[in-house]
Amino acid sequence: MATPGAASAELVIGWCIFGLLLLAILAFCWIYVRKYQSRRESEVVSTITAIFSLAIALITSALLPVDIFLVSYMKNQNGTFKDWANANVSRQIEDTVLYGYYTLYSVILFCVFFWIPFVYFYYEEKDDDDTSKCTQIKTALKYTLGFVVICALLLLVGAFVPLNVPNNKNSTEWEKVKFLFEELGSSHGLAALSFSISSLTLIGMLAAITYTAYGMSALPLNLIKGTRSAAYERLENTEDIEEVEQHIQTIKSKSKDGRPLPARDKRALKQFEERLRTLKKRERHLEFIENSWWTKFCGALRPLKIIWGIFFILVALLFVISLFLSNLDKALHSAGIDSGFIIFGANLSNPLNMLLPLLQTVFPLDYILITIIIMYFIFTSMAGIRNIGIWFFWIRLYKIRRGRTRPQALLFLCMILLLIVLHTSYMIYSLAPQYVMYGSQNYLMETNITSDNHKGNSTLSVPKRCDADAPEDQCTVTRTYLFLHKFWFFSAAYYFGNWAFLGVFLIGLIVSCCKGKKSVIEGVDEDSDISDDEPSVYSV
């Protein structure tokens with residue numbers, strides 16, 4: 001039996017591991033942002049903002065398995081609380097996690113509604129050389145004020161939307177107002193923050209449907225298919241150069257006798273000359289890629305990429321099948337839209353819901369699986385954003401390209417990832433609701449048994465997995481769940497969003513299968529601002 005000192009030591013070790021994870025997250029964010037940001041347009045403030053925002057997104061996603069681990073760690077497998085896990089210690093642990101969510105979610109609100117918009121508009125104003133620093137700051141603050149007003153409105157609406165209603169229908173207006181303030185005070189702002197976060201999560205759901213669903217199919221298939229051969233592309237490019245040069249010579253030959261070219265031939269000549277410059281630019285980059293040692297190294301890793309691609313597609317299928325069965329279970333057995341399609345437990349088993357209880361028997365395999373799914377969700381979101389780009393309806397705003405991404409695009413990328421991460425917790429809950437609520441907790445349930453030796457019945461306490469029917473003092477609900485289901489209408493929207501997610505995934509899978517291999521220097525044809533002294537950014 002573990003002593004309080006040993007338990008405290010284990011918790012310290014756990015927090016140390018979490019600290020190392022934070023350092024690894026910061027290192028990854030720095031490498032990722034530096035890898036994609038433009039070499040010519042890099043700017044210190046936007047770079048730091050992008051790294052910080054991306055780190056907050058990853059840290060927030062890492063808090064879910066930590067939350068599940070802590071509520072599970074307080075109990076033994078036989079359903080009893082550990083000696084050190086008394087009521088005060090349990091409350092301290094719950095409060096610590098809750099304050100962690102308060103802090104991270106508040107930082108996300110700050111980033112989404114103030115800091116990222118401010119830096120974005122500040123950098124937009126910086127493009128004008130005649131603008132002073134003071135004017136840039138004033139203009140950026142003026143545009144950012146609109147986001148701050150939206151945030152304030154969300155907090156106010158969330159704070160004053162009563163989760164309960166007064167029992168007395170004959171209450172006066174003053175009593176109703178007083179009731180609202182009592183509700184606000186009793187929740188300590190939890191409802192206000194939860195409503196704001198849920199509103200952002202709704203936007204994150206739309207981003208996940210757009211980017212993550214496509215990225216889950218595009219990333220594995222791109223790894224499996226690979227890119228085209230640089231040598232073969234050079235051969236095709238050389239043939240194109242010769243063809244374009246012939247067209248140019250044919251048009252120029254019409255003016256050898258001194259006659260001016262017709263307007264149509266002039267336009268055609270200009271187009272061919274522009275095309276020739278692009279092809280020669282491609283030739284220089286293809287030559288560099290073909291002779292690069294990095295290309296040869298990536299070629300040696302080709303079998304490993306195929307293995308990773310197969311692994312990722314298997315994880316995607318596990319995710320999609322589990323999400324489909326979970327949504328089907330809600331459609332058949334939940335109380336309907338008025339309850340937000342909330343369902344406790346699982347009437348239809350899905351692969352993930354069956355796999356997690358099996359992995360719980362071997363610590364810490366279940367936490368590793370949850371972490372893998374969360375990280376996979378984030379990385380496929382990144383892949384989806386890279387492949388699709390950043391759009392406003394039908395207008396493409398920015399592209400995400402290695403070594404060529406503008407600072408504004410990086411800020412958009414990090415904001416989208418922040419919103420998607422908020423939706424990740426609900427996606428995991430949809431896949432394994434009981435696990436996200438209680439982790440691996442058991443509680444003691446008294447069962448009546450009949451003994452042959454003694455007349456009458458006796459009771460026997462047997463451990464049972466925590467569920468919605470468990471006594472409140474026997475099972476501790478994760479803090480994540482408190483933020484997920486404060487408002488039923490958000491849960492209903494997430495339910496329909498899951499169906500849309502599955503549909504977009506299937507469409508993305510078909511599109512990814514039909515598309516051919518990517519060019520080894522994809523994007524050179526489209527981006528006319530690529531300088532010839534940056535060929536290394538195209539290596540893969």
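Any Cβ shown, glycine's included, is placed from N, Cα and C.
TrEMBL: automatically predicted annotations, no manual curation.
Taken from TrEMBL, the feature transmembrane segment applies to 12-33, 45-66, 99-123, 143-163, 190-214, 306-325, 367-397, 409-429, 487-511.
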Chain residues outside the transmembrane segment (45-66) and at least six past its termini with a C-beta under 8 angstroms from it: 18, 21-22, 25-26, 28-30, 32-34, 37, 97, 100-101, 104-105, 107-108, 111, 115-116, 119, 122-123, 367, 370-371, 374-375, 377-378, 407-408, 410-411, 413-415, 417-418, 420-422, 424-425, 428, 436, 480
Criterion met for the transmembrane segment (306-325) and the transmembrane segment (487-511) (at least three Cβ pairs under 8 Å): yes
For the transmembrane segment (367-397): best-contacting stretch of 99-123, 190-214, 487-511, by Cβ pairs under 8 Å: 190-214
Close approaches to the transmembrane segment (487-511) from elsewhere in its chain (Cβ under 8 angstroms; 6 or more beyond its ends): 161, 163, 194-195, 198-199, 201-202, 205-206, 208-210, 212-218, 221, 316, 320, 323-324, 326-327, 330, 337-342, 423, 426-427, 430
